[in-house]
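Undergrad: My questions all concern the structure below.
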Amino acid sequence: MWKPILAIALGSTLGGLLRWGLGLKLNNLFPDVPPGTLVANLIAGYVVGVAIAFFAHMPNLSPEWRLLVITGFCGGLSTFSTFSAEIVSLLQRGLYAWAMSAIAVHVAGSLIMTLAGIATVTWFKSS
């Protein structure tokens, strides 16, 4: 029981630290729509796509690796709660176009990055 807990804890810690670092480095550049949250979500989308495709080709790999990367790292890196708070803040300030644009970029961008991650592994496997 300790292996899964440690895998998730390690992944979450690393993902959370990266998200925090991205926020520190990027959010001052454009505070109305903090880019750190967007970059964190896009990176997490790409990594989860790579992980899904990679783990599909590695069925004998210990399940703790999936927990570390997908549940832990990507879960700690991506941030729906911060995204939600930022969107609500934009709406409260009457910046409706910014809010709708941010929603579209976060959701579409994350989906595109997940597909790109899957495509990356598929491309490497076929090369």
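Cβ atoms are placed via backbone N, Cα and C, with glycine included.
Pasting the feature list from Swiss-Prot:
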BINDING   G75, S78  Na(+) binding site
TRANSMEM  4-24  transmembrane segment
TRANSMEM  36-56  transmembrane segment
TRANSMEM  68-88  transmembrane segment
TRANSMEM  98-118  transmembrane segment
Undergrad: Counting only CB pairs under 8 A, let me know which of 36-56, 68-88, 98-118 has the most with the transmembrane segment (4-24).
TA: 68-88
Undergrad: Which residues does G75 (Na(+) binding site) neighbour through Cβ under 8 Å, counting only same-chain ones at least six apart?
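TA: In sequence order, I8, G11, S12, G15 meet the Cβ cut-off.
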Undergrad: Helix, strand or coil by DSSP: which one applies to G75 (Na(+) binding site)?
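TA: SS state of G75 (Na(+) binding site) = helix.
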Undergrad: Are there residues at least 6 beyond the ends of the transmembrane segment (36-56) whose Cβ is under 8 Å from a Cβ of it, and what are they?
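TA: Sequence-distant neighbours of the transmembrane segment (36-56): 15, 18-19, 22-27, 65-66, 69-70, 73-74, 77-79, 82-83, 86, 102, 105-106, 109-122.
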Undergrad: Please list, in sequence order, the residues in the chain of S78 (Na(+) binding site) that are at least six apart in sequence and whose C-beta is under 8 Å away from its C-beta.
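TA: For S78 (Na(+) binding site), the qualifying residues are G15, R19, A40, N41, A44, G45, S110.
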